[in-house]
């Protein structure tokens, strides 16, 4: 009898434990709380792409994908709890989807040997792979965003911004302050006048800032906002009749949710991007067939093709391709987090590869290396068409000021290395 | 007149308008606190819930659609009709009354006689519960609020052109006329009507007098036959109605979304300043906070301190008032004798 119980107990434990061949991808999502409107489509895109791989290809390299979702509510403490509660499942890579959570996880994940991918957010200087061995932020970071916005405005003004007035309206947080240093450096180079307008969390009340914009009449307004701050800013810009084509937001201020509440008057508002918009890509036919029609979509299926859904799907695609690279490097389908890190460091995204995945011209081609975890920093610009209710790409992915950004990254990462006694690697 | 002076006046006027919006949120807190001594932490979430319910009714959204679809394998999202705003507002008021009854019946009836801190904790629980229900009922996506009572007569958006053009000539070339948001003007008018109605209700109706009696002394009110249960349902219903008005005004600015519940943060300094038990106090407190924070940001915060001083200033001002007048400007000074 004892033997029978023991056998049953072992069987139960084996059944309950993780299947070793599964590739575990945690999804630190926020489907509730003040930022849910952006968190839900991202989480849906992330989940649906992995579901597609399982349903269509049987996983990655023959190994099925298991996605473990944990609700953070965009709260840093909850995000860290999610990390702690899921890392034991064999998590291959974390995409925290929050700069605050990313900052907290950098030392923890590095110590645990689990890579982090903070795509377009997080600690910008983490793109220096010689200091941040386990953190990746390809294909673009905040400082690329700041430089990309100025480059676009230079292009609009025949290469000369001398004497122009540019206002930065930003979320008064570590995230919102990220572009300031870069913009101040660019101000010296190009001779424009920069005005800084911080907005306190959550950003529901911005009357003072927009009255100042109305008084100062800047030629351009650049926005680093998130959540309700974006919708209120777009509405306030409409209220003071600020020309929307001169108002440009970072990629976290450029989703449908940010412009739809302001209605037709939001037409012409611009936002930066590092990936494609809309759903005119072959991969969506597969998602429709293998995920939606099969009733396996993560959400209601109404978010497909939206900016945040696309971004989530893109993040999942980059994770899947890194896992595939890791499998090729190590000759096994059953990869560990350490192998995944190697895969991320050797990741190469080419246009041919993107086209084969059903995503032609969806994002920039790039190659990650031991030194360079940040990708090429190519930034495009999109514009909102209120009548068609869609974003259109109006400027292709273009290079940013890599010399300046490289210098700033070097300075910041060197300070981090000194604070944490990190010996530079990649020699 | 100098441009600097004119712009200061513009900031002052916009501060008044912002203050009215803060006061709208604070009013709900005051109503409940005055009648029951409960600091209702859920007031902000009530505004969110009311606004979401209103938009849900307007758009003919099926409540709990995700839950229904997941449970029964259906794909229903809307009933296929759009309700007129007036009908939707009426139905939302009914929902808020039902909510008031449920809150009283299932929560506070069981907590009669408990310490204020217990009642406060219950409202924290209520806030989280209500937020979850709102999410489950109407979904998390941002909704656009278009409130129209007749064809072409909707809540206005944008700066008031008439005021702008009429005042343009007051200054030189660098002055562009006073900017006043049309929605803020409507909010100010609505707030005035609301306060007048609430004061009239409290002064001249039987229920209003009973409400004031309960606010003064529960035991004495009970002894003369006032139903505590009914009065509390009435008060929570009124607070629900005020929450709906606040939700409409704030939701029209930013879209109806979950961060709407955070507007409660704007009401706290107003309450500390105006007093927790005074309806006029909420209005005056709101105006002082609105004008004070906007002027401080304009004259000191932005030029000398790097900006974003409004929240800080509002709470600082409230703190100063707390030190010198703990009951607030219009609050009742309670002296307990041993």
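Here, residue 1 is simply the first one shown, and the rest follow in order.
Heads up, the Cβ atoms here are built off N, Cα and C, so glycines get one too.
So that you can see what the record holds, here are the features copied from TrEMBL:
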| type | residues | note |
| --- | --- | --- |
| TRANSMEM | B:12-32 | transmembrane segment |
| TRANSMEM | B:38-57 | transmembrane segment |
| TRANSMEM | B:87-108 | transmembrane segment |
| TRANSMEM | B:117-138 | transmembrane segment |
| TRANSMEM | B:185-205 | transmembrane segment |
| TRANSMEM | B:226-250 | transmembrane segment |
| TRANSMEM | B:270-291 | transmembrane segment |
| TRANSMEM | B:298-324 | transmembrane segment |
> Near the transmembrane segment (B:226-250), which same-chain residues lie under 8 Å Cβ to Cβ, leaving out any that are not at least 6 residues past its ends?
Replying inline: 21, 24-25, 27-29, 31-32, 34-36, 40, 43, 46-51, 54, 89, 92-93, 96-97, 99-101, 103-104, 108-109, 112, 145, 147, 155, 183, 186-187, 190-191, 194, 198, 201, 207, 210-211, 213-214, 218, 256, 260, 263
> Are there 3 or more C-beta pairs under 8 Å linking the transmembrane segment (B:38-57) with the transmembrane segment (B:117-138), counting only pairs at least 6 apart in sequence?
Replying inline: yes
> Is the transmembrane segment (B:87-108) close to the transmembrane segment (B:12-32), in the sense of at least 3 CB pairs under 8 angstroms with a sequence gap of 6 or more?
Replying inline: no
